[in-house]
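Worksheet: one structure, shown below.
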C-alpha cells in the first residue's frame, strides 16, 4: 500500500524543480568568497567580450575605408561582426555560467533580478563589474591600436543617420527582448526537464540570439542590447556624438529586459495564476 501511494505521488508531482526566489536583499552574500569570485568572472568576461568585439568593429571599418584603398571584400563584413558578438557570448557564457551565471550584460542581470533569480545586491554589483570590465576592455583596444581606434569611432554605439530616436529605441527594446527571452527559455528548469533528451547547451541559443539581433539592428544603432558594451565604448571614446543618444542604450535594453521577464514569468510560466490559485486554496 505504501508503495502504491509513493508511485501515485511520483506520477502526480512535477518532473522539474523551480529554485526558490532569491531574497531581495541578501547581505550574507557580501561575506562569501563565491560572490566576489562571481564578480571577478563578470568583470573579466565583459573585458574580453569588449576587447574582441570592438577590435572586430574597428577592423571592419578599416577595410571599408576608401582612403586606404583596401580590399573591401577582404574584411569580415557586417556578418562577421555579428558572428564576433554572438560567438564571444557563446564562449563566455559557457565559461562563466557555472561561476556567476554568465550574465555579461546589465540588461540580462536586470531581467533576472525582476524575476527574483538574483538579489538586489548581486544585481547592482554585477552591473558595476560589467561596466568596469567593458571600460577596461575598450581601454585595451585603444592602448594597442590608438590610431585606428580614434579614426574609426572607437566602436561606440550611435544612432545612424536617417533613423529617428523612436526607431532606435524600438530596435533596442525588441533586440534585448529577444536576448533576455532566450536567456529565460534556455535556463528554464521546466524546459530542461521536458527536453532533457535534446543535448543543447544553454550558451548556444543565447549566442545565436545575439548574432541574429546584430544582423537586424547593426544598421540602426550599431546594436547595443548591452548597456555595459555601449557605456564602455562611450567612456573611452568620449566624443559628443557617442553621448548624444546614449540614453537609448540604457532605457531600451532595460525596457526590453523587463518585458521579457514579465512575458516569461507571468505569461508562459503563469506565475500570477499560480499565486492566485495558491491564495484561493489557502483561503
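The chain as shown is numbered from 1 upward.
Each residue, glycine too, has its Cβ placed from N, Cα and C.
Range annotated as transmembrane segment by TrEMBL, chosen from 14-36, 198-220: 198-220.
Feature annotation (TrEMBL): of 168-186, 225-243, the stretch labelled transmembrane segment is 168-186. Beyond the transmembrane segment (247-268), the same-chain residues lying 6 or more positions past its ends with a Cβ under 8 Å from any Cβ of the stretch are 105-108, 110-112, 114-115, 157, 159, 165, 168-177, 179-181, 183-185, 188, 221, 224-227, 230-231. Cβ atoms under 8 Å from those of the transmembrane segment (198-220) belong to residues 78-79, 81-83, 85-87, 89-91, 93-94, 97, 102, 159-160, 163, 167-168, 171-172, 175, 178-179, 182-183, 185-187 of the same chain, restricted to positions at least 6 beyond its ends.
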